[in-house]
């Protein structure tokens, strides 16, 4: 489904207080579960209608293949893009004051797909990439921290001083990529298809009642950790 102005304008909105503990401060706009697709024409023009301020933008479980261009937005501090088909992360497209970015369960497979993450705003503190094949590559955390040294948490784990030191000591290749052995099994082109096959099998066996229960819990989730846990269950737990 393509983005349209009406979809953006009519998107459900609610306020949350779990980011700073203050009641009715952070406005969350919900554009999840709509099968929205990346489109170079309709997506940018439609997102211009996104209400302002929007502090949390939820685009979870759509068909996006790239991050939408939100670089002109100074109000969005949390961007939820889990369970899409994003293959490359371009930090230049992120909101200028983004602090929290969730990209769990996408199609990010190689370190090369993360290179433009180095252009992310320095405000980015919390990044989630769980469920992407790139997470299984050797020296994954060090590589990400080399690209985004100002991160405080990666995949819900605090970044340690030792990790920062290790990341900075990594040698670089001529093209700017950090060196490190790669798990060749992960690079197999068929591995993604196999993962999706398993995921579909697990989800198909889940009862409607169970799925509805998980969706209700997801709507009431009060932390990024809880959201990620429930999203993983809904996607089959793989």
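Keep in mind that glycine also has a Cβ here, set from the backbone N, Cα and C atoms.
Looking at 144-166, 167-189, 190-212, the stretch flagged in Swiss-Prot as region 'Disordered' turns out to be 167-189. When DSSP labels each residue, the domain 'LRRCT' (132-170) comes out as 20 helix, 4 strand, 15 coil, counted as helix, strand and coil in that order.
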